[in-house]
Amino acid sequence: MGEQVLKLNLPQLAFSIVIFFIFFHSVISDEASKTFIFRVDSQSKPSVFPTHYHWYTSEFAQQTHILHVYNTVFHGFSALLTPQQVASISHHPSVLAVFEDRRRQLHTTRSPQFLGLRNQRGLWSESDYGSDVIVGVFDTGVWPEHRSFSDLNLGPIPRRWKGACETGVRFSPKNCNRKLIGARFFSKGHEAGAASGPLNPINDTVEFRSPRDADGHGTHTASTAAGRYAFQANMSGYASGVAKGVAPKARLAVYKVCWKNSGCFDSDILAAFDAAVVDGVDVISISIGGGDGIASPYYLDPIAIGSYGAVSRGVFVSSSAGNDGPSGMSVTNLSPWLTTVGAGTIDRDFPAQVTLGDGRKLSGVSLYSGAALSGKMYQLVYPGKSGVLGDSLCMENSLDSNLVKGKIVVCDRGSSPRVAKGLVVKKAGGVGMILANGISNGEGLVGDAHLLPACAVGSSEGDAIKKYISTSANPTATIDFKGTILGIKPAPVIASFSARGPNGLNPQILKPDLIAPGVNIIAAWTDAVGPTGLDSDTRRTEFNILSGTSMACPHVSGAAALLKSAHPEWSPAAIRSAMMTTTTVLDNRNQVMTDEATGNSSTPYDFGAGHLNLGRAMDPGLVYDITNNDYVNFLCSIGYGPKVIQVITRAPASCPVRKPSPGNLNYPSFVAMFPVSSKGVASMTFIRTVTNVGSANSVYRVSVEAPARGVTVTVKPPRLVFSEAVKKRSYVVTVAGDTRNLKMGQSGAVFGSLTWTDGKHVVRSPIVVTQMEPL
């Protein structure tokens, strides 16, 4: 009994520890002020105060300046305070939680067709290309003059829209139109962080204090989700064709929460969630995550809290999984109400070839578009032979010009931007660069618009080049650039950088949910910087090619807009379910997708349910819906008490007398966790409810792909009958196995699937079986 009480109070205990360390820090520090976010019980406001702002300024923050007041997805405020002030305020009975403002990082056009979209039929035509659905993009802003944001032939702005087009540097309401219907910017958290810490303030020479995009990332993600048709699009000759977003007729609302070279602050992100929901967006796309690799519990994670407030009001929220793959348990944005998106390749590539002096030809990738080397052989040098790490990584001021001048330089990937290494080589007099992956990146390659002739090569090719240099008396090489190649096989492939499962907070929920195109994606670009984003890059390009789960996320955001337009009655969970259960796990060779990092077959820890396939998602047959109360029961099941749950849900929660199982959240996937201590037959039971969204009179039959020999999966009933009167059916799944004979794969798990079909629809869910104790 005592152990159970301890588990139930862990979140409250963690909160008390946070307050202790805040106070302890105030004792040993010089009282430096920092920004803190307070979750306040809104029902406690005395009636004498006309607004919560008046109450907060009078009761909590008399000696400081409040930055943001949150009223919609979250109740509370953020303010710049000393740790001692924070410790004092945190003891107020109306304060439910407090957390320090944290800096986040961005998770840095053929892809619509690659998703199964076609002009004359299917989801594009059925949804009218997402017309009148409003997509909110949280990012670095937008370049509003870009033709991807033209409002030509679009109808009036939806009447329900309540947003604004804010005025700032080089931005006014005139920059908005019937396509770009809203634009806001949030900088108070950033500016407070700069005032109280080592972060530099906003640099007005390279940044705009307005929704205008000085970085390019936001313009790229916004146009990926909902850009208009842009003919004769290319990036310096690469990827020529028609660029278009997934939902070309959806409306865009931009929320600038990230600032060039500075990241994105939780307090600003939370304010954007608050504004976007009030404004009336239908979809939120957020390609942002923690940069420290540590998953915060939901009640201390403003993205989790803000997204719950949005989802509970019917807004679909998609987020990037992160770029820390291929390491296991690297996936971020883990909340079960978020749709978490990993990245895969598409069937287009930008090959380059390294020819060594001994005649060997090695494959690489590049987006270099300047003067070519024209087959001329140059001396080849690897600074890493010195044994100094900075030299091998080609860090700033690390190269000896006497060593590299007039030569092609081999640089190791890591520690600094890939394109910045090329600039270092160029400044030192090098004529070219070969960027070699290390073991952690494996064979995963992405193209870059380098400032000198350069290409990236995989780990094995990099090792071969270094060995050639060390064994040859006069090593030489040249680099040839092959342009754009279509029809690449295999595709999709799991991007090596795409973050992987299992879920580091609650392994019972499989994350990522699915993958989408995220490698070498062409989309609109800002006119403020060159394609590398480096200040010294004076080139300008209308479109740019980027890679990252940041690029995958807006594909799913645009897909959600199409599904919302076609099925306005669907909940965010139903939309996610439609995407997940109709994904594909096969590539264009009709084989299981491979992992770019290893070349081996991938698993649900890599791709979740599979790769987005919008050709089937419009008509999924069955969906797994989830209500707000279901999410509350899930939070109860992981040991959160009513007060902690209220931090997330805003309203006081009531947990069932009998503690629920987290595995019974009505998710379109199954994770059976057998205890490590189990030395015999172990089993786990799941309950799921499906809603028929296809033909009224339907009969579905189940089929199971067992995860491994010795594992049995039993489904009762094995047949689901639907009619005009019966739209929902529940079923029970029991996964059992003898742990003494169960051989887990390299990932520590084995994988199978459960599929319902009525002869037309195929509703597939992954099954994961692993041995671990709940985290």
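Backbone N, Cα and C atoms are what each Cβ position is placed from, and that goes for glycine too.
What TrEMBL lists as domain 'Inhibitor I9' is 40-107.
Under the heading domain 'Peptidase S8/S53', TrEMBL lists 130-594.
The active site, charge relay system annotation in TrEMBL covers D139 (among others).
Taken from TrEMBL, the feature region 'Disordered' applies to 196-221. DSSP assignment over the region 'Disordered' (196-221) gives 6 helix, 1 strand, 19 coil.
Long-range neighbours of the compositional bias 'Basic and acidic residues' (206-218) within the same chain, counting only residues 6 or more positions beyond its ends whose Cβ lies under 8 Å from a Cβ of the stretch, are 106, 108, 137, 139-144, 165-171, 175, 183-185, 187, 254, 256, 258-261, 287, 525-526, 528-529, 533, 535, 544, 546, 550. Per TrEMBL, the feature compositional bias 'Basic and acidic residues' maps to 206-218.
Taken from TrEMBL, the feature active site, charge relay system covers H217 (among others). Residue density at H217 (active site, charge relay system): 26 other Cβ atoms are found within 10 A of its Cβ, drawing on all protein chains shown.
Per TrEMBL, domain 'PA' is recorded for 378-465. In terms of DSSP helix, strand and coil, the domain 'PA' (378-465) has 29 helix, 18 strand, 41 coil.
Residues or ranges marked as active site, charge relay system in TrEMBL: S550 (among others).
As annotated by TrEMBL, domain 'Subtilisin-like protease fibronectin type-III' applies to 664-769.
In the shown protein chains, 29 other C-beta atoms lie within 10 A of the C-beta of D139 (active site, charge relay system). All protein chains considered, the CB of S550 (active site, charge relay system) has 30 other CB atoms within 10 Å. S550 (active site, charge relay system) sits 9 Å from H217 (active site, charge relay system), taking the CA atoms of both as reference points. The residues of the domain 'Subtilisin-like protease fibronectin type-III' (664-769), classed with DSSP into helix (H, G, I), strand (E, B) and coil, number 1 helix, 63 strand, 42 coil. Straight-line distance linking the Cα atoms of D139 (active site, charge relay system) and H217 (active site, charge relay system), rounded to a whole number, equals 7 Å.
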